[in-house]
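Read the structure below first, then the notes.
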Amino acid sequence: MKKIKCALIGPGNIGTDLLAKLQRSPVLEPVWMVGIDPGSDGLKRARDAGLKTTAEGVDGLLPHVKADGVQIAFDATSAYVHAENSRKLNALGVMMIDLTPAAIGPFCVPPVNLKQHLGRREMNVNMVTCGGQATIPMVAAVSQVQAVAYGEIVATVSSRSVGPGTRKNIDEFTRTTAGAVEKVGGAKKGKAIIIINPAEPPLIMRDTVHCLTVDEPDRDRITASIHQMIREVQKYVPGYKLVNGPVFDGKRVSVFMEVEGLGDYLPKYAGNLDIMTAAAARTAEMFAEELIAGTLKLEAVPA
């Protein structure tokens, strides 16, 4: 089976967890890991796994893209550098899967809108945020039944699972997630809150979703829609679980979720890594299947 060669940019918590997911993929083959700190644990792990590595940032990868056949790159760095990384790699015809909150490309939340990205020839798609991937399916499950005037999500993650890149991007995280609650989730107005909990031992990722419907909620249909959506998410994140709900209070629908990871890099409490990396891998696999079938051709975007 032919595999599409990939590069990972950013050997932090997300990049390292993603590497483990890609190594199991039937259609993706990770060949490069890009960092900026020669001593980083993530670069060492990637080298030990047989990947080529550079500590010179994306500029250290560019000369090797063509020779090594890299067609897809995952950016798990920071919103501040993503636009430049994307521009340089798009110019070489490499498609970007953006795991930062930069959101210069269209949002992708696989169980909600993955299929809509088929055949669109996009060279950059954005995976929103871990909080977005965990909660937007629930907002969408409600909005697919009836209009949602307001959607609010609260993502609680363990301090240990939140690396320096994510911490620098907190404002971008809340803005990007709120925007995707509207654009992908279907809420007229969206709001996002992230809580980084320093408790030891670290807590599992918890997510609370509140929706205010325009009309009186159709409880049976909303409940069925939520359970159906949970099954869709569980196809790629088995540890995605409903803890409580849906709870109905007037026009408010509340859902309380928990996300357990596979423990590929950080232990299972870090479900926030898994929901992001599994969604990114799932998205890239769809594009890789198109590339292998010859129905998608990547074209360089002039810088």
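Each Cβ is built from the backbone N, Cα and C atoms, and glycine gets one as well.
Because the structure is a prediction, the values reported are computed rather than measured.
As recorded in Swiss-Prot, the features of this protein are as follows:
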| type | residues | note |
| --- | --- | --- |
| ACT_SITE | CYS130 | active site, acyl-thioester intermediate |
| BINDING | SER161, VAL162, GLY163, PRO164, GLY165, THR166, ARG167, LYS168, ASN169, ASN272 | NAD(+) binding site |
CB within-chain contacts under 8 A for GLY163 (NAD(+) binding site), separation at least 6: GLY12, ASN13, ILE14
Integer Å distance between the CA atoms belonging to the residue listed as 'active site, acyl-thioester intermediate' and SER161 (NAD(+) binding site): 11
CYS130 (active site, acyl-thioester intermediate) and GLY165 (NAD(+) binding site), distance between Cα atoms, whole Å: 13
For ARG167 (NAD(+) binding site), nearby residues of its own chain (Cβ under 8 Å, 6 or more apart in sequence): ILE196
Cα-to-Cα gap, the residue listed as 'active site, acyl-thioester intermediate' vs ASN169 (NAD(+) binding site), nearest whole Å: 12
Those residues of the chain, 6+ apart, with a Cβ under 8 Å from that of ASN169 (NAD(+) binding site): SER78, ALA79, TYR80, THR100, PRO101
Cβ neighbours of CYS130 (active site, acyl-thioester intermediate) where a neighbour is any other Cβ within 10 Å: 30
Longest CA-CA distance among SER161, VAL162, GLY163, PRO164, GLY165, THR166, ARG167, LYS168, ASN169, ASN272, per record bound to NAD(+), angstrom: 17
For GLY165 (NAD(+) binding site), the number of other Cβ atoms found within 10 Å of its own Cβ: 20
